[in-house]
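Below is one structure, written out as structure tokens, with a few remarks after it.
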Amino acid sequence: MMYTTQTFKEAYKTKNTIDFSKTQTVMQIIQTVQEKGDQALFDYAKQFDGADITELEIPQSVIKEAYDTLDADLRAALEESRDNITVYQESIKWQQSPAGELYQKIHPLNKVGIYVPGGKASYPSTVLMTAVLANVAGVKETIVVTPPQKTAINQATLAACYICGVTHVYQVGGAQAVAALTYGTETIPRVDKIVGPGNQYVALAKKLVYGDVGIDSIAGPSEIVVVVDETANNEWVAIDLLAQAEHDELARTFLVCDNEEKLAAIEAELLVQKAKQSRITVIEESLKNNHFPILTNGKEENIEVVNLIAGEHVSIQTKDAEDYVDAIQTAGAIFIGEYSPEAIGDYVAGPSHVLPTGGNARFANGLSVNDFLRPNSVLNLKKETFQKMAPAGMLIATEESLQAHHDSLAVRMGDGQ
Ligand SMILES: NC(=O)c1ccc[n+]([C@@H]2O[C@H](COP(=O)([O-])OP(=O)(O)OC[C@H]3O[C@@H](n4cnc5c(N)ncnc54)[C@H](O)[C@@H]3O)[C@@H](O)[C@H]2O)c1
Ligand SMILES: N[C@H](CO)Cc1c[nH]c[nH+]1
Ligand SMILES: [Zn+2]
């Protein structure tokens, strides 16, 4: 099915990426973890992951062995990615403002929980795209949780934890992992903030516990919006769409173009390329329910549609790709031109691949080093500055009928007014 801008806008109004019918289930899981602690985590490991585990923590010796025995090229690739992430995150880290009468002091968070997904795929790259940021910020303790497996946890995921100097790794996934990090159990410590992507259960749990713990954003099922014109390479664009569809049946792909023939050609190519993919079952389900080819009326409408979707990734593969950068105000990350495919950002470029989904890019940002910092303002006024400001404060206090507020300022003016 092909949409026009108008029919897409209508259809999109009712598209909700979080299935609220699962809220009761997730609330129940959170409560059970609060009540039963570790035992609940063992029970859920069996129920949801089919894993019969006897320990929650992965010993440091096992993590080191995973690193030592990892294929040397893969280890080098992970370390190259770590280095690129470090350089980029250092370049955008908030700088401490100079001390004065009014300024901001920046502190790294103490203890951070990192959710590394592990249901339908393994994500060593997600360890790098989160833990390296925490390291650059100076976080003292990083705690990784990832779903238990029927056999062993993915070795590259553990090796990535070693590379990043993660403090503890626990095999627990889903909503129960989020609950454990929020409230603590006998084994798992309570953290200050939870970051990282995950499926619907993880996303819903993060929404529910927010306030008892900090959360980064809702980074749920993956999304990509690709804008093309007649110059785009059909095969490359088709594979870029499949690269997101293969994450999850709920992953969403949008193809935006003002040329009907071109749009149809890429849609046809999608079928050709799909047939070559190993994760075809997930892809087919994703394309069936969550793929949107949109025929627009030109560049202005392209931009309108992109801003409306506020997608996790926006890839512009047109001859005038750079023109779009300023006009796109709502996107998790923007990939300009055919040599900035989304997959390069997933693995090595430097910005984190943990990005807001489900339209959250209207107000949320991709994960960065600054999510691991907490600024607080400092007021250190001189007498003259105080005396200049206080009369306005006293007037506002009187308007609010808060006499002690007024008096707190007035006594320092020395004239009791
Ligand atoms: N936005 C981003 O930055 C980003 C980055 C990487 C991955 N992702 C997304 O993360 C998601 C990863 O999902 P995943 O499923 O592979 O792994 P996951 O680790 O997020 O979820 C697996 C867990 O879900 C829980 N679960 C599964 N079925 C359940 C049920 N019926 N009831 C209760 N709990 C249940 C289990 O506890 C299981 O351990 C994908 O949607 C992927 O697209 C997003
Ligand atoms: N595209 C995902 C975010 O939506 C991140 C990822 C990890 N590995 C591969 N891709
Ligand atoms: Zn990806």
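Using the three backbone atoms N, Cα and C, a Cβ is placed for every residue, glycine included.
TrEMBL annotations:
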- Glu312: active site, proton acceptor (ACT_SITE)
- His313: active site, proton acceptor (ACT_SITE)
- Tyr115, Gln176, Asn199: NAD(+) binding site (BINDING)
- Ser222, Gln244, His247, His313, Asp346, Glu400, His405: substrate binding site (BINDING)
- Gln244, His247, Asp346, His405: Zn(2+) binding site (BINDING)
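Checking Cα-Cα distances from His313 (active site, proton acceptor) against the binding-site residues (Tyr115, Ser222, His247, Glu400) with a 10 Å cut-off leaves Ser222, in sequence order. The NAD(+) site is set by Tyr115, Gln176, Asn199; from the centre of their CB atoms, other residues of the chain with a CB within 8 Å are Pro117, Val145, Pro147, Gly173, Gly174, Ala175, Ala177, Val178, Gly198, Tyr201, Val202, Ala205. Glu312 (active site, proton acceptor) has its Cα within 10 Å of the Cα of these binding-site residues: Ser222, taken from Asn199, Ser222, Asp346, Glu400, His405. On a Cα basis, Glu400 (substrate binding site) lies 45 Å away from Gln176 (NAD(+) binding site). Max Cα-Cα distance over the annotated NAD(+) binders (Tyr115, Gln176, Asn199) is 13 Å.
Same-chain residues at least 6 positions away in sequence with a Cβ under 8 Å from that of His405 (substrate binding site) are, in sequence order, Gly393, Ala397.
Taking a Cβ cut-off of under 6 Å from any atom of ligand 2, the recorded positions Tyr115, Asn199, Ser222, His313 reduce to Ser222. Binding-site extent for substrate: residues Ser222, Gln244, His247, His313, Asp346, Glu400, His405, maximum pairwise Cα distance 56 Å (rounded to the nearest whole number). Residues Asn199, Ser222, taken from the binding-site residues Asn199, Ser222, Asp346, are distinguished by a CB atom under 6 angstroms from ligand 1. Each of the recorded positions Glu312, Asp346, Glu400 was assessed for Cβ neighbours inside 10 Å, and the highest tally belongs to Glu312.
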